[in-house]
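Data block below; observations after.
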Amino acid sequence: MFQKDEYCILILGLDNAGKTTFLEQTKTKFSKNYKGMSLSKITTTVGLNIGTIDVGKARLMFWDLGGQEELQSLWDKYYAESHGVIYVIDSTDEGRLSESKEAFEKMISSEALEGVPLLVLANKQDVPDCMSVPDIKTAFSDCAPKIGKRDCLVQPCTALTGDGVNEAQYQSQEALVLKQLAQKRKHMQEVLHKAHEENNFSEKPEGKLIQKMEGNWEAHLSALKQRLHEKASPPILG
Ligand SMILES: Nc1nc2c(ncn2[C@@H]2O[C@H](COP(=O)(O)OP(=O)(O)OP(=O)(O)O)[C@@H](O)[C@H]2O)c(=O)[nH]1
Ligand SMILES: [Mg+2]
């Protein structure tokens with residue numbers, strides 16, 4: 001039977017950033033016949049909202065967590081299970097941008113999220129004079145070393161109207177494919193190295209195999225990255 005690839009995506013960010021609005025908007029856009037709650041009726045999340053959508057061959061399961069300070073300590077319970085993180089920023093709230101950056105830095109410092117692709121949404125772009133994507137990138141620029149080799153994209157978004165929501169989903173799906181490839185590659189290498197050790201080969205038999213595999217993998221990866229970057233504003237890391 002045909003089974004979809006399933007991915008868990010965390011939606012994180014400070015309270016009032018627009019995470020639940022984004023999730024509801026996403027469900028409305030991607031699920032036929034979904035009659036969502038009125039967006040104006042959404043109140044602060046105490047606990048967790050879950051939503052599932054199908055995009056192409058992938059099934060994305062979103063976990064939208066509460067962003068209030070005392071709820072942020074619960075975020076890391078979900079890290080180990082997640083394949084991607086969408087981090088939502090309120091672009092109208094310059095006063096809390098440094099607080100948001102601190103929460104972001106703490107999150108990406110967690111070992112459990114190593115290598116997990118990140119999608120940063122500069123939300124509420126409908127509000128005049130809000131911070132732009134370049135403004136937010138500048139403010140977050142010193143996070144680059146901590147982001148490391150992870151894929152990290154910053155996208156403008158208006159969860160309330162749905163602008164940018166399709167692109168956001170597209171990006172996260174592509175980023176997840178990258179993650180999956182990276183994991184496969186790591187696994188293959190581990191298997192090959194183990195085989196080498198167990199058989200005590202005098203010559204490294206896996207050398208060529210890994211080279212071949214890496215050749216394919218790199219080609220696939222760069223093609224995906226190309227597509228990703230064509231559709232998105234440049235990632236934090238060039
Ligand atoms: N103008 C504007 N307002 C938005 C947008 N997205 C969300 N909001 C508003 O921002 C407020 C907070 O939205 P929520 O979705 O509840 O925020 P949250 O991040 O889930 O907050 P917590 O659950 O407390 O962590 C609500 O009043 C939303 O209507 C947007 O794109 N534009
Ligand atoms: Mg919420």
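Quick reminder: no glycine exception, Cβ is built from N, Cα and C everywhere.
TrEMBL entries are annotated by machine, without manual review.
The Cβ neighbour count for Lys19 (GTP binding site), using a 10 Å radius and every protein chain shown, is 29. Lys19 (GTP binding site) carries a helical DSSP state (H, G or I). Residues annotated as GTP binding site in TrEMBL: Gly13, Leu14, Asp15, Asn16, Ala17, Gly18, Lys19, Thr20, Gly67, Asn123, Lys124, Gln125, Asp126.
For Thr20, Thr45, the entry in TrEMBL reads Mg(2+) binding site. Summarising the environment of Thr45 (Mg(2+) binding site), the number of other Cβ atoms within 10 Å of its Cβ, over all protein chains shown, is 18.
Screening the binding-site residues Gly13, Ala17, Lys19, Thr20, Thr45, Lys124 for a C-beta under 6 A from any atom of ligand 2 leaves Lys19, Thr20, Thr45. Under 8 Å, Cβ to Cβ, and six or more positions away along its own chain, Ala17 (GTP binding site) finds Gly67, Val88, Ile89, Asp90, Ser100, Asn123.
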